[in-house]
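Database features, via TrEMBL:
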DOMAIN    3-236  domain 'PABS'
BINDING   Gln32, Asp107, Asp138, Gly139, Pro163  S-methyl-5'-thioadenosine binding site
BINDING   His63, Asp87, Asp156, Ser157, Thr158, Glu159  spermidine binding site
ACT_SITE  Asp156  active site, proton acceptor
Amino acid sequence: MSGLWYTEKQTENFGITMKIKQTLHTEQTDFQYLEMAETEEWGNMLFLDGMVMTSQRDEFVYHEMVAHVPLFTHPNPETVLVVGGGDGGVIREVLKHPEVKKATLVDIDGKVIEYSKKYLPEIAGKLEDERVDVRVDDGFMHIANSENEYDVIMVDSTEPVGPAVNLFTKGFYAGIAKALKEDGIFVAQTDNPWFKADLIREVQRDVKEIFPVTRLYTANIPTYPSGLWTFTIGSKKHDPLEVKEDRFHDIDTKYYTKELHKASFVLPKFVKDLTE
Ligand code: SAM
């Protein structure tokens, strides 16, 4: 589909559209419709079930913000789990922390991993690292079978539809609490406040009932619906707003900074209202 425009419908009445240079791969996998295309504006881009997943040009924002906020909040994150994240971007960021001894990735769809390695090498390139254990499995089942195992868990899943529908339930968050160690932290991408306010409100309510420290932070992701993205963090002990200055070590990033670590929790009024 070269020269054509690809539109992602973000609601029934609104979407974003982008000019495609060439289609690289399309396939109906066992779980979702996978498309990889080269776009004029954003480089190679992965779509699942018609939704933008990641692009070569703006991927760093999401992957840095999912990974570095919880990893700098935890004093010594040795074991990390990523649920979803088959494009490899979160794992690449996790490995920038020397404390991490083992990073497990559990994505339900091996085709996402396969085609991300082929067409998004700068995003997926660390999935072969010796500290990484990649498993093709349902993250919901993996969590259900885990106990007191992880310091940090990141839920980098698709939207709460299709295979990811269970990954936004209170039962899943209770399972995450069980899978975490006694001072563990988890973060989940929780979509945008313009079109998914109810989702954010429900997740905040559910997580607050399970974790003593629950917060919401944001980042600007131009290719995601509305461009304003949120992340929900649930922590058994450590507060992301109380990280000591000497905890932040130098790290190679393009978006995350230790100042932004704290500032990203300052919310516009209509977003803050979703957390109360
Ligand atoms: N950053 C993107 C976002 O915020 O929408 C997500 C990118 S990542 C590619 C999403 C991954 O979640 C996909 O590879 C998909 O296969 C995976 N996924 C969906 N449901 C899952 C489940 N139940 N268990 C594990 N992985 C799942």
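Here the Cβ of each residue, glycine as well, is placed from N, Cα and C on the backbone.
For Thr158 (spermidine binding site), the Cβ neighbour count at a 10 Å cut-off comes to 22, with all displayed protein chains included.
Among the record's spermidine binders, His63, Asp87, Asp156, Ser157, Thr158, Glu159, no two C-alpha atoms are more than 16 Å apart, and one pair sits at exactly that spread.
The two recorded residues Ser157 (spermidine binding site) and Gln32 (S-methyl-5'-thioadenosine binding site) have their Cα atoms spaced 13 Å from each other. Counting every protein chain shown, the Cβ of Gln32 (S-methyl-5'-thioadenosine binding site) has 23 other Cβ atoms within 10 Å.
Of all the binding-site residues listed here (Asp87, Glu159), the one with the fewest other CB atoms within 10 A of its own CB is Glu159. As a whole-number mean, the pLDDT of the domain 'PABS' (3-236) in this prediction is 97. Distance from the CA of Asp107 (S-methyl-5'-thioadenosine binding site) to the CA of Glu159 (spermidine binding site) is 14 Å. Within 8 Å of the centroid of the Cβ atoms of Gln32, Asp107, Asp138, Gly139, Pro163, where the record puts S-methyl-5'-thioadenosine, the same chain has further Cβ atoms from Phe31, Gly84, Ile108, Asp109, Ser157, Thr158, Ala164. Of all Cβ atoms in the shown protein chains, 21 besides its own fall within 10 Å of the Cβ of Pro163 (S-methyl-5'-thioadenosine binding site). Sequence-distant neighbours of Asp156 (spermidine binding site) (same chain, six or more apart, CB under 8 Å from its CB) are Val66, Val82, Val83, Gly84, Gly85, Gly89, Val90, Gln189, listed in sequence order. Residue annotation for S-methyl-5'-thioadenosine gives Gln32, Asp107, Asp138, Gly139, Pro163. The furthest Cα pair among them is separated by 16 Å. For Asp107 (S-methyl-5'-thioadenosine binding site), other Cβ atoms within 10 Å of its Cβ number 27. The number of other Cβ atoms within 10 Å of the Cβ belonging to His63 (spermidine binding site), over all protein chains shown, comes to 26. Classification of Gly139 (S-methyl-5'-thioadenosine binding site) by DSSP places it within a helix.
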